[in-house]
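Under the heading GTP binding site, TrEMBL lists Gln128, Gln129, Phe130, Arg131. Here TrEMBL flags 41-192 as domain 'C-CAP/cofactor C-like'.
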Amino acid sequence: MRREQIGIASGIDRVLVGNRSELDRIEQDLVGNIIVSRAGKADRPRNFDPKDFIIEDQKDVTVGRVPGKVNGQQFVIQNCENCNIYIFDHIATVTIDNCTNCNIFLGPIKTSVFIRTSKNCNLVVACQQFRTRDCNKINIFLFCGTQPIIEASSGMKFACFQYHYPQLEGQFKSAGLSVFSNTWGTIHDFDQDPSEQHYSNLPEGSKVEDFIPLPQTEDFSSMVISTSEADSVVPLTLGTRRKISDESCLIVFFNDGNNTNRALNFLDSMSKHKPGIALVQTKELDMKQSDAVRVFGTDSFNAIVERGPVIGLEFNGDGCVDTIQNELQQFMQGMTGLVFVSQSAHMVEKQLEDFYNFADMQMAI
């Protein structure tokens, strides 16, 4: 994707990454302040206290918020050291400033998370936009709906978001995030230098619990948490890691009111029955009839794409196309709903390119 296409939003307006002065203006608006949301004060609770939405000047403690305590408001974390911080709720916008040696979990964020002047931290984050500035040595298990951005930062390591607690799926919906639209590995480095790599992936198989401990204090005793791949609300994807095979396969679940559950159940079936086939990336997006013809090369799906968002899954592995077709045939027995699947290995590359190029175009709009 071209630099000028990459977007980030402040919760107020969408701007272009290339427009540094505009981003700096937004930064001044965001950092260190609880900002009134776009809807104004009307969506604040009657007993609103800004101090309930700030964690600051803490050291050597475990603190945070349980579900229902933030409820879509904006949040600030600043000037903390050696802390475990857990925000188990959906949030409007988050800024993290001047934190050192902290472990931080952030529930689904409707707009952006902005991390500045922080170092030696571990994070689990789900957001629409992700940006760091002047950061060093941060490990992030990330869900991000757009291309993550780092600036003047180094030693940044990324992996796919993996987390579950009973309220988390509903919080993703409240934040307007699709669990299938995760671009965690497509990092944009503002200060890219051929002689120095500022970011990388965490080793494949990295576990959240090895970086961020589960909360043990009484305040979080009611939380039932799992960090296993099998339980995660967000599917584990390979992202930009090296693919295991030269053969891939595209499958698209069309919307009949149940395609989300069907896609998740199919992923569960693949994980159990075909663990040698890797999930590379996923995407949920809206399509028009003209888009369907361009992407699928036929007008057979024109009517079904008008019903709502479609969910695309890219798999990779030796014999992937035949494996997916056979597994899908067994999986779909007794079920309704149209599904597109690659029919031959030689057609897959163009199908994937057409589908995900279209997805990139939607992100740039």
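Here the Cβ of each residue, glycine as well, is placed from N, Cα and C on the backbone.
Predicted automatically and left uncurated, TrEMBL annotations should be read as such.
A quick note: this is a predicted structure, and the numbers were derived from the prediction, not measured.
Locations of recorded TrEMBL features on the structure.
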residue : record           : Cβ neighbours (10 Å)
Gln128  : GTP binding site : 22
Gln129  : GTP binding site : 24
Phe130  : GTP binding site : 28
Arg131  : GTP binding site : 26
